[in-house]
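J.: What follows is a structure written as structure tokens; I'll ask about it next.
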Amino acid sequence: MENREDLKSMLPFLPLSLRSSNLFWPSQVVESLKTLSKGPLYSKVNSGELLFITISNIRDSLALPSLHRLSPYAHEGYGLFFDELISREEAAKWFADVVPGLANFLLRLPSLLESHYHNADNLLNGVKTGFRLLGPQDAGVVFLGQELIGALLVCAFFCLFPVSDRDPSDMSLHLRDIYSSYSEKQENKIKCIIHYFERICLSMPEGSVSFERKILPSEQLPLCVSYPKADFWIKSVVSLCTLEVHSSGFIEDQSSGALEVDFSNKYLGGGALHRGCVQEEIRFMINPELIAGMLFLPCMEDNEAIEIVGAERFSNYTGYASSFRFSGDYVDKRDVDSFRRRRTRIVAIDALCNAGMGQYELKYLLRETNKAFCGFLDQSKCDHKRLFRDGGLKGSLCIQADRDGDVMMDEAPSTSVEIALSGEESVNQVIRYSDKKGSWCEDPENKIGIATGNWGCGAFGGDPEIKTIVQWLAASQALRPSVSYYTCGLKSLQNLNQLSQWISLHGWTVGDLWNMLVEYSSQRFDRETNLGFFAWLLPSLFSQEAP
């Protein structure tokens, strides 16, 4: 264990010690957890105030110099939530059934991690899947069991993670904000997390979740698509995929198996553990296993995305932002793949924040389109004949072989993780030939589209019409069969379906639409037009006034 580079990369961020190939808690922590695991009649922990005191004592026993100090509001937060905001019946159940279960999770954490590292080298032939820090420009994948994720999230709830030198560094699910600045949305975010803990203490899921940092490398690599320049988009002859417009409904409720877009902060999870409560933070509350990625997947750079497969949903909700409310249990009925991951595929891509008129500059159009392309691209199903058909673009290609060894195009799985079964190189860098069709991928005939919406709009200040087109271009170039676009009733997109039908009817390619987008954006940036893109492109169809 001492020689494992993956474990070494994570030890500074874990509250455990390593000695003689064993991970362990300090003896005082073990005794405190054993006492807590026996229930309130033995531990006397039957209130939020006493739970906070116990957590504080455990933290003191760790004696970690890098353990951050708890907010002065944390004490009051635990008391307010467990002693006042929830019913006495709910509180009694929490302290009698759930808190002992959480203590047992923490007691098992060392053995869960040891078992994880013991098995990590055998999951994908030669591909590293162990729990490790995947920093910027470090393409790779980590597979974690749901039980291990549960134990890690209990660590977060008990505020046991050391402070890292990464920003934001606080990986604590503490309740300070509910006291320091109470809001109903904050109370309901906590209810989602509490419900998750109730569920896993009642019945622990036995599946796994994969976390992948995807990169479009700046340099040319064998058998891999690199970060495109503007010329790539100008010359593209790839056909535009189907765009399905939904004026109601939510991305997470789609049932087609599509890759679901997380409108991410550049720091995965954004304000999920604090006061944020928009699209990304809500997704992290109803699928809490996503939170685990925040521990080992730091800041995304412009050529990166993060794809997470298998996160289970546990909660229902209503509302958005200040109106967000937990609305009860959710039973996730999506089936699982051969890696025991639920077929929920989520890709985190971060948009430009508050770019203002700068979003119409070519360099930022290119940045946003490439960001979406990175997230949507499955390196295992790139076809050079379609991506580089005119021969004028120099780039790497992605290929596979059929049973006879002939190069061909196939509809491959959503993630490059699934193509690594027969490979030994890092994911996202090299895809090996397979001598047997389908031996390296899951559901090779399954055509996986994109489910998205108003990415980078709202608080981030993006132009919804531009962001829609950018995502359509990226999905098409990534050879996705379709985009399911959820407008959430946004007025500026009410004619999106009409626009997409006109463009499709006229057989436009990615290059055609990109060139029109660039021309419009140049005029918009130079203040030569104040029309939205839709009205500018098709004035005969859209007669709305300039904004």
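Heads up, the Cβ atoms here are built off N, Cα and C, so glycines get one too.
I grabbed these lines from TrEMBL:
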type	residues	note
DOMAIN	87-213	domain 'PARG helical'
DOMAIN	231-494	domain 'PARG catalytic Macro'
ACT_SITE	Asp262	active site
BINDING	Asn265, Gln279, Tyr320	substrate binding site
ACT_SITE	Glu280	active site
ACT_SITE	Glu281	active site
J.: Can you count helix, strand and coil residues in the domain 'PARG helical' (87-213) using DSSP?
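T.: Taking the domain 'PARG helical' (87-213) as a whole: 69 helix, 14 strand, 44 coil.
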J.: Mind giving me a neighbour count for Asn265 (substrate binding site)? Other Cβ atoms within 10 Å of its Cβ, every protein chain shown.
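T.: Excluding its own Cβ, Asn265 (substrate binding site) sees 22 Cβ atoms within 10 Å.
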J.: My understanding is the cutoff is Cβ-Cβ under 8 Å with a sequence separation of 6 or more in the same chain; which residues meet that for Glu281 (active site)?
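T.: Those within reach of Glu281 (active site), by Cβ under 8 Å and sequence separation of 6 or more, are Lys189, Gly269, Gly270, Gly271, Ala272.
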J.: Judged by the number of other CB atoms within 10 angstroms, which among Asp262, Glu280, Tyr320 is the least packed of the recorded positions?
T.: Tyr320
J.: Count the other Cβ atoms sitting within 10 Å of the Cβ of Gln279 (substrate binding site), across every protein chain shown.
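T.: For Gln279 (substrate binding site), the count of other Cβ atoms within 10 Å is 25.
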J.: CA-CA, which of the recorded positions Asp262, Asn265, Tyr320 lies nearest Glu280 (active site)?
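T.: Among Asp262, Asn265, Tyr320, Asp262.
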